[in-house]
Amino acid sequence: MNRFFNRELSWLAFNTRVLNEAKDESLPLLERLKFLAIYDTNLDEFYMIRVAGLKQLYEHKIASKGIDGASPEEQLEKIKHYLAHEIEERELEFQKIQALLFKKGLCITPYNELNLEQKAKAKTYFKEQLYALVLPFKLDSSHTFPPLANLTFALFARIKDKETQIISYALIKLPSFIFRFVELEKGLFVLAEEIVEAHLEELFLEHEILDCMAFRVTCDADIAITEDEAHDYADLMSKSLRKRNQGEIVRLQTQKGSQELLKTLLASLRSFQTHSYKKHKLTGMHIYKSAIMLNLGDLWELVNHSDFKALKSPNFTPKIHPHFNENDLFKSIEKQDLLLFHPYESFEPVIDLIEQAASDPATLSIKMTLYRVGKHSPIVKALIEAASKIQVSVLVELKARFDEESNLHWAKALERAGALVVYGVFKLKVHAKMLLITKKTDNQLRHFTHLSTGNYNPLSAKVYTDVSFFSAKNEIANDIIKLFHSLLTSSATNSALETLFMAPKQIKPKIIELIQNEMNHQQEGYIILKANALVDSEIIEWLYQASQKGVKIDLIIRGICCLKPQVKGLSENIRVYSIVGKYLEHARIYYFKHENIYFSSADLMPRNLERRVELLIPATNPKIAHKLLHILEIQLKDTLKRYELNSKGRYIKVSNPNDPLNSQDYFEKQALKTF
């Protein structure tokens, strides 16, 4: 018997749970639409990275197998088989929601169903907003198929010259920055590509449009960087980003159009060359023909529309923790260690802390790591302001996938402001989230530390659940000072801390030691691990051994879980759960009954434990330990948004009509009640 679930199929099962939220009829319609958008965006990234990686292994005949022993070719086939039915489910769900939205006055209307007045408005919109932006290409001997960047959205048409009757083909690129949903009248939307298609004869004069189809390509978007050869890491990353759009096509999505047109499109894709003059390899490319609009990720335009509040979930306003109501946040932290649970407790104190430090003459230095900060960052702006007055040192991780460009921009801005900027660490990704502020008061140095499971990003802090920790304890500050020094001197691989634990050297051995300690207590042992993913085979094997010793183990794993629970003789004392709700579960909390409770930036994956700089923080304060355990206990009682994984790999929704509990709603209400 195989002891592990396949990683890729486990991820797909997570995305299925996201799709299930779109099917939840108790949710407002635009909330359901939001989950369809998330589903598609997730799947885009899965193809750009995971499927692209498997395709590379297969094409280069690299003998690499998944944790379950499946070859790249087998995994690609399993992925295609898994998605074949689910893509149809997604389309049906969109059509159901679309029909319900129509009844509520939000109409996504096909162009051919518009009346004459509405078509006249569409024509005006085409002339004023689209005509100058679309890129039409007639494909002939002097105009070959142009390069297609990752996530290119385009139309492919068969056209006939009215004079010569010669049939040829045309490509019309639609830029990503145009509005996809064009509101012709209040509540009446038409897709931009349908407006363009209806006016193709204005782009190809003296031609008749015979057939047309919309299509979208997904390409390999992983960035390969040879760090050994890097003299200027920022410059190397900048050049690598420019190559991202030149990756091989891994997926083709098409909408309507004849089979003949699809065959011609495929032949055209096979013949064209990229900027690097390497032909695209379409071997094993996944092709999906859609009955609905392509790229449901663009549904965010409707979800965020200001006119349909009645169709959305009410906005929750994060509450300010009462200990942070004082004007001087540093005094609050000196009084006691504090732990916030975002988004229920506001992220604002984190921003305020940096802003207060920047304006306080007593502040000597600010040290910080930045992983994903977003395009508009008040935190970076505060650091830029501080850099003109005090010592500011920032490690900006340029290898944060899909945030590389934003991080590079902020790193350059910080450098221009006078901050010391470090661009990551050689062969390691810095994923630890930490802030250290040093002040001088009463002729003494005082250190203030903030550590978090989530990013320094106010926007994600409103939709991700994370915990963040504030402390003025010297033993914690000393470890963070040591860690920052190791990052600046590129010695993080071999560094070890005293109070905290860091990867790649300490976290995995510590977690194994904690599991072994619970094994010593056999049936009295109890472990709860809450993480985004559980993939590390060594940790899974130790959990199996603990189960066989009688230790009760509850795992709350939001996404990928390669461990097989409830298998007789192997894991019958292990139960695996997953919570998917309106907030993305992101906090990592690790509880060991006979030792302590910890929170961490690290998931239980080889990449986090062996190839990243991460932190594991023990909750030595009883109040904080109790708060963390309470989070776990409530989530284990969730009967509305919790799934249980069975031994066959299926996720079954937990239900108890007599005791309905949505853990995320519970924490919202608790925040309102407490504050």
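Positions of Cβ are set from backbone N, Cα and C atoms, glycine also.
What Swiss-Prot records for the ATP site is N42, Y464, H586, and among R17, R558, R611, R612 the residue it adds there is R558. In sequence order, N532, G559, L584, E585 are the residues of the same chain, not among N42, Y464, R558, H586, whose CB sits within 8 A of the CB centroid for the ATP site.
Here the recorded positions are R401, H431, and the one with the most other Cβ atoms within 10 Å of its Cβ is H431.
According to its DSSP assignment, Y464 (ATP binding site) is in a strand. With respect to their backbone Cα atoms, R372 (Mg(2+) binding site) and H586 (ATP binding site) stand 14 Å from each other. Geometry remark: R401 (Mg(2+) binding site) versus H431 (active site, phosphohistidine intermediate), CA distance 11 Å. Of N42, Y464, R558, H586, all annotated as binding-site residues, the residue with the shortest Cα distance to H431 (active site, phosphohistidine intermediate) is H586. Here Y464 (ATP binding site) comes close to H342, P343, G454, N455, Y583, L584, H586: these same-chain residues lie at least six apart in sequence, with C-beta atoms under 8 angstroms from its C-beta.
A 10 Å cutoff on Cβ-Cβ distances gives R558 (ATP binding site) a total of 23 other Cβ atoms nearby, all chains included.
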